[in-house]
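Undergrad: Just dropping this structure here.
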């Protein structure tokens, strides 16, 4: 057996344990009663340790060295590159640091759940100090090994090959036009009337409607299912993708669009190439590309006028609401494109969302690079919120810098993915329009041509190319914020 | 660390992987879409290989030898005995035989699924020959190592310390009175009228009723849940027990009693001692003792007149059937104690069930001990069916010897557990009556005193004692078929 084949076999073994881990994680969120938590956590920790052991086995180093001198096809070369990337990620941090981070992160996150509710910055800050210190240590080690700046080395975990230099260009562009666009959209919106949902929308009806929408979006029910959880997510494995949503019986708006969003994630996973199933090269390219699929489904398809027409038809039947004035094309479209300057990122609309992300990006970049300290964060947050959305979070920690879970356990470098995803999605749309009549496809209810484009250009490509290559092959250029601007102006002006 | 402690730690590690395996198995039956099967099977096979590797690690032999000379408490001695028992089970067969059996069993079982429908004995017999040959080989190896007869060595997998000698005594006793008792019950039944369910009983109502019944039976919902699957079972882990049932909208009878049955299995698991969680000594004693719990719930509690009164009250509400003549105390009791001489074991009632089990026991005993050949089975089956239930299965293979899944992959030695469980349950009842007013407890709706007895005598004892010791401590004597006879006579005469 060649060393390349040894590696393939080894990474398939790892994949089997990751399969177990993924399903246990989904089950813990979707099914498990609270009393099952301790045994589950122990089982999942054991699986993690085992996967880490497999991922850092001493002979891998030799296999990688030898495999690089073996004769490989282009695809095998890409496969080797991605296995090596995962191996490097698994081996570059000393085990003691990983353990210290896991401990400090768990402690900080656990306490945060009550500290946030109590607006207790002082208590949070004490735990968070250690998380930030260890993350900076991690960033420095990654930086030394990868030859990147500390923050870029953290970005690399979620967005390989994306750098501060490119993000600064993209995001400073957005900052030149976004605040004005938000103001214009709000001014336009003020001249319009809207009817908010005020009925009872039973969970069973919302679920059945959600399943209809998933069918319209060609979710493959032979390879996945829809369930409920407190925080909606897309989990499972490519051959069995588990998406979840949550239902609010007084409002159907969020659950339905949540299902559209998660279906985008799911179809990416379901569309990954079978030939590389279970191998790193067969996995999704990055968090940003993953988000580009969910946001293409949510923003480019889901909130389009033609899709809203389908939503209207299906909702009226599901809720037996043929006479309810909430359910008109015009009103439903307004509900799904409403703009509001609020404190909370996860509740933000399409237009203000990037402001929340850019704020976090700038803070975590400077924090990891040592330009600010963790105690500076509340003040910097307040300043930036005032500058971009014109609202103050002074003393309001729980709706300010304490609102997200990400930083509590040190997931620095993740936030940019959300807005990168939105930008990629707008760029796909601009290219796709040249060969696909998108509006006609949505209107007809047969969205196949759209999905075929996504499959050809993104899903089937998995991690065969770097992100920049993938985007260039799909759209003819690397990421360009102009498409995003044009999309938002088209919708909100 | 002592060698005993090394073993404890090692078996806890194994338990974490078994946890993953149990949840993946439950998920495959209760949730997984068909398209997820291939990846799931691969992941579960990998986990099996890993558990087998951990269970047969070379240093275990030395740890066991040394631990036996360490100073241990009584409980630790029991714990060591049970770890050693599992180690022996894992190591005593050569790997090639296990693999050959797995292959032949999968092939035979898979083909059986269509062969049974087509009544294709000739096709089945070709595959089954290999399964039987390999099982005899297994029995011989177990026999040589354990010093038991070949069939007793197979029994030992499911019912440690139970032997053909004891089963022959118990079952030949049953055979002296069962056929006559069945005839008398049928004659009595013929004089009575019964109204069969003929309405529509919606799945949602059946499920909600099932949950109410589980509450009455004090199922711990913080450590378990109820779901649906094609074949009802009790899975998961003791801290998170997953029971399933199936619903037939034209008949509620089976689903409800199925839930009572699985709740019995579940409460045993939920009641296992926390102090030994994850260790062999903390597991259920045997298949027969497990079945004694489900059958105590189903036969001793569930089909009692006082419990039927609760069922009636809850069902009337759930199905809004206050005027339906099916729902009277008398009629519901008749439905749940109806006797019928049929071909199929899984559809059999309480009274004829033992006849089905004893027939299988006698055939598999003689088959494994080499007294008959696999080609003799249809004829022997027909003779025994005629002798016990007076019905012929000549040429009717699908409703005869091809009806069960057990033999298709070589699970010889399992069948006796079902009737042992029914007998144990009747014997508990006879003892419990001396200190607990069982009828009054059921009537009151607070069954705590009954569950306390089961917890004290069975659940909390896990595998601390051998089966005979366990039963003697609980009831003052080893298994005695007289209690079973008395119970059946009381109900059916």
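Just so you know, the numbers here start at 1 and follow the chain as drawn.
Even glycines carry a Cβ here, placed using N, Cα and C.
This is the feature table in TrEMBL:
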{"type": "BINDING", "residues": "A:261, A:265, A:291", "note": "Zn(2+) binding site"}
{"type": "ACT_SITE", "residues": "A:262", "note": "active site, proton donor/acceptor"}
Undergrad: Measure the Cβ-based neighbour count of residue A:262 (active site, proton donor/acceptor), defined as the other Cβ atoms within 10 Å of its Cβ.
TA: 26
Undergrad: Setting A:261, A:265, A:291 aside, what same-chain residues sit with their Cβ within 8 Å of the center of the Cβ atoms that define the Zn(2+) site, listed in sequence order?
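TA: Close Cβ neighbours, site residues excluded: A:234, A:262, A:264, A:290, A:293, A:294, A:295, A:297, A:298, A:421.
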Undergrad: Using a 10 Å cut-off, grab the number of neighbouring Cβ atoms around the Cβ of residue A:291 (Zn(2+) binding site), all chains included.
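TA: There are 25 such Cβ atoms around residue A:291 (Zn(2+) binding site).
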Undergrad: Measure from the Cβ of residue A:265 (Zn(2+) binding site) and count the other Cβ atoms within 10 Å, all protein chains considered.
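TA: Within a 10 Å radius of the Cβ of residue A:265 (Zn(2+) binding site) lie 21 other Cβ atoms.
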Undergrad: Between the Cα atoms of the residue listed as 'active site, proton donor/acceptor' and residue A:291 (Zn(2+) binding site), what distance do you get, rounded to the nearest Å?
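TA: Just about 10 Å between their Cα atoms.
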Undergrad: Hey, what's the Cβ neighbour count for residue A:261 (Zn(2+) binding site) at 10 Å?
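TA: That number is 23.
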